[in-house]
Amino acid sequence: MTRYCRGLSQRQAFLLLTVLALLFILLFVVKDPRAKDSRCQFIWKNDASAQENQQKAEPQVPIMTLSPRVHNKETTSVSSKDLKKQEREAVQGEQAEGKEKRKLETIRPAPENPQSKAEPAAKTPVSEHLDKLPRAPGALSTRKTPMATGAVPAKKKVVQATKSPASSPHPTTRRRQRLKASEFKSEPRWDFEEEYSLDMSSLQTNCSASVKIKASKSPWLQNIFLPNITLFLDSGRFTQSEWNRLEHFAPPFGFMELNQSLVQKVVTRFPPVRQQQLLLASLPTGYSKCITCAVVGNGGILNDSRVGREIDSHDYVFRLSGAVIKGYEQDVGTRTSFYGFTAFSLTQSILILGRRGFQHVPLGKDVRYLHFLEGTRDYEWLEAMFLNQTLAKTHLSWFRHRPQEAFRNALDLDRYLLLHPDFLRYMKNRFLRSKTLDTAHWRIYRPTTGALLLLTALHLCDKVSAYGFITEGHQRFSDHYYDTSWKRLIFYINHDFRLERMVWKRLHDEGIIWLYQRPQSDKAKN
């Protein structure tokens with residue numbers, strides 16, 4: 001009995017130990033999964049880190065992220081409409097990034113989007129390295145009222161800019177995108193619109209009755225007339241920074257959409273103009289004189305005017321385009337000091353008026369040529385002129401002659417002057433800003449060649465007389481003084497004749513120029 005009880009106690013002890021061992025094993029099994037999960041988690045983190053490092057080492061591809069507006073608060077699914085919208089925003093964002101690389105940071109117009117119209121205009125500061133050349137201070141812009149009443153300085157106007165929300169492409173994939181006129185529904189106005197190249201070494205006139213002196217005292221002109229603005233473009237004034245700046249303006253007021261290689265090739269052939277004020281520089285040292293100039297337009301008002309001798313009595317005579325002289329000497333004179341033209345106006349004049357005697361430009365060792373560069377065809381004209389080739393493969397292919405033939409192969413580059421785009425834009429902005437620029441037809445507008453020539457004379461001469469320009473009662477006269485039969489003056493949309501007529505009248509009324517006007521009872525022969 002005693003043995004049985006002792007054996008039972010041993011078995012109980014063994015069972016107790018077994019139970020304790022099982023409990024210990026159970027406790028270990030319960031704890032072990034946590035330790036295993038933690039290790040798996042560590043391994044996963046290492047794998048994720050390795051993948052992340054691998055992604056960083058590989059070339060980055062632009063990733064389109066969804067705007068917060070696309071996500072719904074309760075779900076992350078996106079409709080196809082939203083995806084298409086986001087794709088458009090991504091493309092616009094990439095374009096905006098490309099434009100930001102320009103050295104000149106600008107104000108861009110807002111895209112056609114109802115939401116963007118409600119946003120305020122974003123103004124971007126101008127780059128500090130616009131150009132080494134001095135700039136004209138102040139800024140002018142358009143007004144709701146016509147500028148023909150005097151181009152009074154107004155508050156600066158800039159176009160609206162809105163950047164689309166999208167991720168930026170990799171720096172190595174960015175490309176500088178060129179501006180295109182088709183991107184704008186009206187003329188773009190940049191925050192550096194009114195900055196012009198100035199000639200700080202410009203000669204000063206000693207004539208107390210000079211246009212420049214009168215302009216400085218005129219309430220209308222004193223804030224808009226720049227007597228020392230750069231007039232001419234040459235090899236010394238063509239730089240990369242100038243190209244970057246002027247590429248924001250459409251020709252003839254800049255280089256937008258032009259071929260930089262072509263422009264550089266021809267412009268750098270022209271020697272630097274030593275003195276912008278050519279006529280003042282021609283005066284003997286210490287000589288005081290008021291330089292008088294006659295600017296002769298081609299208007300029918302000159303037919304039977306008998307002012308030819310009066311025109312020739314001026315120190316310098318400016319003519320333009322189809323300047324027919326033979327047979328009209330009594331009406332328009334015979335002398336020519338400056339001849340203004342565009343490649344198109346010159347080729348057209350030779351083609352149409354060749355039988356009337358205008359077969360080449362006015363010739364003479366003292367004649368200077370003023371070329372107003374309208375666009376690509378003008379630079380193609382210059383290239384063909386330097387190569388002494390025809391214009392067969394250009395925008396003027398219909399003109400069968402070599403450009404040098406128009407100058408009778410006696411061209412002297414010292415007397416061939418290119419008008420600076422800054423100067424042309426200045427004349428447009430401050431004197432002849434048409435309402436057309438605020439419409440979809442903005443790209444084709446420019447002042448007439450005669451208007452550009454007259455305003456050029458205002459910046460070269462002391463006293464200016466204008467003949468053959470549009471005036472009140474122009475309906476009485478034919479389009480041109482050399483017309484053999486009466487032709488009505490047609491107001492094409494690419495010019496603003498009414499604006500020019502009002503500006504010439506105001507300049508005349510303020511004594512800035514003298515404008516030839518026929519009495520109301522007079523009529524031309526034709």
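The backbone N, Cα and C atoms fix where each Cβ goes, and this holds for glycine too.
Look at Swiss-Prot and you will find 13-33 tagged as transmembrane segment, backed by sequence analysis.
What Swiss-Prot records for 34-526 is topological domain 'Lumenal', and it gives sequence analysis as the kind of evidence.
Under the heading region 'Disordered', Swiss-Prot lists 49-182.
Residues or ranges marked as compositional bias 'Basic and acidic residues' in Swiss-Prot: 81-106.
Summarising the annotation, Swiss-Prot assigns compositional bias 'Polar residues' to 161-171.
The annotation N-linked glycosylation site is assigned in Swiss-Prot to N206 (among others). Secondary structure from DSSP puts N206 (N-linked glycosylation site) in coil. There are 15 other CB atoms within 10 A of the CB of N206 (N-linked glycosylation site), with all protein chains counted.
Long-range Cβ neighbours of C207 (disulfide bond) (same chain, at least 6 residues apart, Cβ-Cβ under 8 Å): I213, S288, K289, C290, I291, D462, K463. Annotation comment: Swiss-Prot describes C207-C290 (among others) as disulfide bond.
N228 (N-linked glycosylation site) falls within neither a helix nor a strand when secondary structure is assigned with DSSP, and so counts as coil. Summarising the annotation, Swiss-Prot assigns N-linked glycosylation site to N228 (among others) and lists sequence analysis as the type of evidence.
Around the Cβ of N259 (N-linked glycosylation site), a 10 Å sphere holds 12 further Cβ atoms from the protein chains shown. The N-linked glycosylation site annotation in Swiss-Prot covers N259 (among others) and rests on sequence analysis.
The disulfide bond feature in Swiss-Prot is assigned to C293-C461 (among others). In the three-state DSSP reading, C293 (disulfide bond) counts as strand.
What Swiss-Prot records for N303 (among others) is N-linked glycosylation site.
As annotated by Swiss-Prot, N-linked glycosylation site applies to N388 (among others). Non-local contacts of N388 (N-linked glycosylation site) by the CB criterion (under 8 A, 6+ apart in sequence, same chain) comprise R402, Q404.
There are 22 other CB atoms within 10 A of the CB of N303 (N-linked glycosylation site), with all protein chains counted. Here the disulfide-bonded residues are C290, C293, C461, and the one ringed by the most other CB atoms within 10 angstroms is C461. The average pLDDT computed for the topological domain 'Lumenal' (34-526) is 77. Packing around N228 (N-linked glycosylation site) is summarised by its Cβ count: 19 other Cβ atoms lie within 10 angstroms of its Cβ, all protein chains included. Between the C-alpha atoms of C293 (disulfide bond) and N206 (N-linked glycosylation site), the distance comes to 16 Å.
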